[in-house]
Structures are given as structure tokens and as C-alpha cells.
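**Q** First, the structure itself, so that you have it in front of you.
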Amino acid sequence: MSPAPASASPADPDLVRAARGLPVSRTPVWFMRQAGRSLPEYRALRAGTRMLDACQDPDLITEITLQPVRRHGVDAAIFFSDIVLPLVVAGVDIEIKPGVGPVVASPVRTVAHVDALPDLEPDRLGFLQTAVRALVAELGPTPLIGFAGAPFTLATYLIEGGPSKEHARTKAFMYAEPEAWSRLLQKLSVSSSTFLRAQIDAGASAVQLFDSWAGVLSAADYAERVLPHSRAVFDGLGERDVPRIHFGVGTGELLPLIGDAGADVVGVDWRVPLDEAVRRVGPGRSLQGNLDPAVLLADRATVDREVRRVVEQAKGARGHIFNLGHGVLPETDPDVLTHVVELVHELTAR
Ligand code: 1CP
């Protein structure tokens, strides 16, 4: 399905304009996982608070979301939360273990488990809407990006019980129990849509759907067993006219399909150069990416060369949002992130 027709006013921020393929004053920049991770002020603020408690405290959400905007001068804030939060709020027993990631107390392994998964009631998201409203007021002209996990990536955590590399149990369930699989992804698409709608209705200017692990699938399996559910997340946003960004890691073979799920912007990791990504995605969508996060650990000359390369390779795209090819690595020097923002702005000022 094609994305909604482009509409934007000259007052829209560059991020929104780039997402819609409209002229910008300079290429907008933000970083996936810019909050948390590498910032000492984040670690200080989070000390003594469990991750999932922080994600449900409007004051902490607001302050952590603002930290990277103040420090780096990025062109967007990303709402501080986690992809498993809608499940947690719905009542699924999940913990985020430091140094590990989300761990599910009772993994979903049977049809009965799927049917027993609780739905997300929108009225439980008051804390989130309080935080979004506070953020929009504080951010002024800087847009806030809301986000959710895509059904496939959420299913990997529920089925595996935690982070995994191969996602073998997930795929086995997908092949062995196609009907339960489809019901599971359908349930997850409803909760992701609910989560995104709450953020948009409280004032988020754009949304990103993270299908981080979709790249483990063949294009045929992705198209048949996953894409319809990701499309349902976007369709569930109805007429809400904010740009939709869709991202996964290792999705080189899936790039045309990822766009088809209903995105205005396709996020690309570092494996596919952006000029090649333009050919795969087609002319009607903008691109986001795609500096290798590990480059930020190299010397300054290498960082500068690679940033210039990404900016050059994006020139044929309908619109470009500069980002990393995946999240900021925890050991990244925050000053390098600030430098990258300045360099991209300098290279692309019109
Ligand atoms: O900029 C930001 O940090 C914004 C907040 C944010 C976002 C967008 C967090 C906070 N998590 C996410 C999304 C998220 N969470 C994704 C999609 C993006 C991606 O691919 O990186 C995924 C896959 C998760 C799941 C998750 N949560 C992991 C990965 C585990 C694995 O499978 O390898 C981890 C480590 C977490 C915990 C987490 N989420 C966020 C933070 C700051 C942390 C670390 C917890 C802590 O500080 O104690």
C-alpha cells in the first residue's frame, strides 16, 4: 500500500519535511538509542531506578528524552521507553535485566499462551501521554519521535523468552503453528498501534516502527507471514498525518517490502550503501541512516570521511534523515556524536 499523500507546511521541522521529500534547510540528524547508552547524565539519573520503572515515570521519561537534545543539538527527540513497554503495561511479566535486555517470565510457546496474552487498554497510557505533552512543551520546534516495536520483533522476545541470535524457536513456531502465529502477530499489531496512537494524540510529530530483527527472515517468509501485520500497525493509525519511519537491521533483501508496509521513510543499516538503497526502495520514499555505529569508535579522520560518504550517497534519495545504521554503542564518546551533528549540518546547509 502507498503511504498517505504528502502534506506539510513551511513551518514543519526539517525532519518532517525530509520524511515527506520536501526541501530542507539542512539534513536533519538524530541517533537511534541517543537517550541512555553513552550519556553520563543518563547513568546518574537512572542510578537506583529499574529500567521499566523509569519508563513509567513521566518526570524521568521527560528528562532522559531531553538530555541528548540539549547536549548534541539533534533535530529530533526520541521518546524514552522500550519496545516491550506496551506488553508490560498490558500485564505481561517482563523484566529488563541490565546488560541483557528484556526477559520474559513465561515465554509464549503454545496456542493457549497466545490466547492468554492480555490486551493493552489505552486508558493505562495516561503516564505516557503526560510525558509526551510535557516533552512537546519543552522541545518547542524540535520534533518528538514516538516509537513502537513491530509485531515480529516483539514476538521474538515473547517466544524466545529474551534476547537471541538465531531466533530459531520463533521461526519454528512460525512454521509449525501458522494460525497461532498469525493470531499472535495480530494481537501485537493492535497493541503497537495503540501505543503509537497514544503518542501521536499527545503530540508526537513522527513515529518509528522498529522491526529490529526482521532481517533474519527470507523475503518470502517476511512478505507472507510478517509484513501484513506490520502494515496493520500503520493502518491502525488511521488518518493521523505524521511521517512513518520503518527500520530493521540486516534488511538489505527486504528493503522494497519494508517500504510497502506503509512507510514514508525506510531506515537502512550500514550494510547497504544509500545509493543502492534508493534503487531497492524506489523513488517514492525517503531514507534514514546509515553510518556504522562502530565508526564512531574510530579516529576523527575516519569518522569525518564516513559521514561525508553517507551524505554523498544519500544525494539521490527523495529525502534523507541522517542516522546510524543501528543504535549508539554504549562505549561511544558523546562528544563524537555532537561532532557528527555539527558536521552533517555544515556539509548540508543550503
Ligand atoms: O534513545 C533511546 O535510547 C530511546 C529509548 C529506547 C528505544 C528506542 C530504548 C531504551 N529501547 C528502545 C528500542 C528497543 N529496545 C529496540 C529497538 C531498537 C534497536 O534495535 O536497538 C529493541 C530491540 C529493544 C530491546 C532491548 N531493550 C534491548 C536489546 C536486547 C537484544 O535483544 O539484544 C535492550 C538491551 C533493552 C534495554 C534498554 N532499552 C532502552 C535502554 C536505555 C535499555 C538499557 C537498559 C538500562 O539502561 O538499564
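Glycine residues also receive a Cβ, built from the backbone N, Cα and C atoms like all the rest.
These figures come from a predicted structure and were not determined experimentally.
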**Q** For the substrate site that TrEMBL gives with ARG33, GLN34, ALA35, GLY36, ARG37, TYR157, SER212, HIS326, which of ASP82, ASP115, ASP119 also belongs there?
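**A** Of the residues offered, the record points to ASP82.
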**Q** May I ask for the residues of the chain that lie six or more residues beyond the domain 'Uroporphyrinogen decarboxylase (URO-D)' (28-37) and have a Cβ under 8 Å from a Cβ within it?
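**A** For the domain 'Uroporphyrinogen decarboxylase (URO-D)' (28-37), the list is 13-15, 18, 46, 64-65, 67-68, 72, 74-78, 80, 145, 247, 321-324, 326-330, 332, 337, 340-341, 344-345.
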**Q** Residue counts in helix (H, G, I), strand (E, B) and coil for the domain 'Uroporphyrinogen decarboxylase (URO-D)' (145-161), per DSSP?
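**A** Helix, strand, coil within the domain 'Uroporphyrinogen decarboxylase (URO-D)' (145-161): 10 helix, 5 strand, 2 coil.
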**Q** Please list, in sequence order, the residues in the chain of ARG37 (substrate binding site) that are at least six apart in sequence and whose C-beta is under 8 Å away from its C-beta.
**A** GLY327, VAL328, LEU329, PRO330, THR332
**Q** Name, in the order they occur in the sequence, the residues of the same chain whose CB lies under 8 A from the CB of TYR157 (substrate binding site) and which sit 6 or more residues away.
**A** ILE83, VAL84, ILE94, PRO102, VAL104, PRO163
